[in-house]
Amino acid sequence: MGKKKRSASSSRWLNEHFSDQFVQKAHKQKLRSRAYFKIDEIQQTDKLFKQGMTVVDLGAAPGGWSQYVVSQIGGKGRVIACDILEMDPIVGVDFLQGDFRDENVLNALLERVGEAKVDVVMSDMAPNFSGMPSVDIPRAMYLVELALDMCKQVLASKGSFVVKVFQGEGFDEYLREIRSLFNVVKVRKPEASRGRSREVYIVATGYKG
């Protein structure tokens, strides 16, 4: 049997990935992923993270965001992270492997958070994409709705929420809901986010809960 050839789209993605300046920088600096630079740019603009904070990181693997946040909140801070994929340990991060859509996993995560409210909830969750927007966008919107539900359960008054959202059906309604719950809401497209991608980051501060 002959070798299977990669599709044009997967070959293009690989070429883009390995020539991406942020992928190269992440490799040189021994960072978990290029996502580190996305949250860094958001922090430079929006100043979300401070020493001693407690942060929930959803869709954490391979750990770029958690790695960055630990550097901002210091030894007295705490990150509680969750992902369906494995993640190598990071000092200062309490990691739970499991599917966030599973109620048992959600309950285990809430148990780790404990009684005290958290300062920031952040979500970089994304579904496995099929290439069909009619399938992918609803899957992605379901995940961001779950992330917002998490905010409603654990986020402290005046807390912050950062969430990756893919523009498409349901985006405007989701943005409206967030604006009803937070005092200040911005839509960011960090430089490290690929231009072709539909992803944007909603940064919401001043939770009214």
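Glycine residues also receive a Cβ, built from the backbone N, Cα and C atoms like all the rest.
The C-beta environment of LYS164 (active site, proton acceptor), restricted to residues of the same chain at least 6 apart in sequence and closer than 8 Å, consists of GLY59, SER123, ASP124, MET125, ALA126, VAL144, GLU199, VAL200, TYR201. Following the DSSP three-state reduction, the secondary structure of LYS164 (active site, proton acceptor) is strand. Residues annotated as active site, proton acceptor in Swiss-Prot: LYS164.
Under 8 Å, Cβ to Cβ, and six or more positions away along its own chain, ASP99 (S-adenosyl-L-methionine binding site) finds ILE84, VAL105. What Swiss-Prot records for GLY63, TRP65, ASP83, ASP99, ASP124 is S-adenosyl-L-methionine binding site, and it gives sequence analysis as the kind of evidence.
What Swiss-Prot lists as domain 'TRAM' is 191-209, and the listing cites sequence analysis.
Residues GLY63, TRP65, ASP83, ASP99, ASP124, recorded as binding S-adenosyl-L-methionine, reach a greatest CA to CA spacing of 18 Å.
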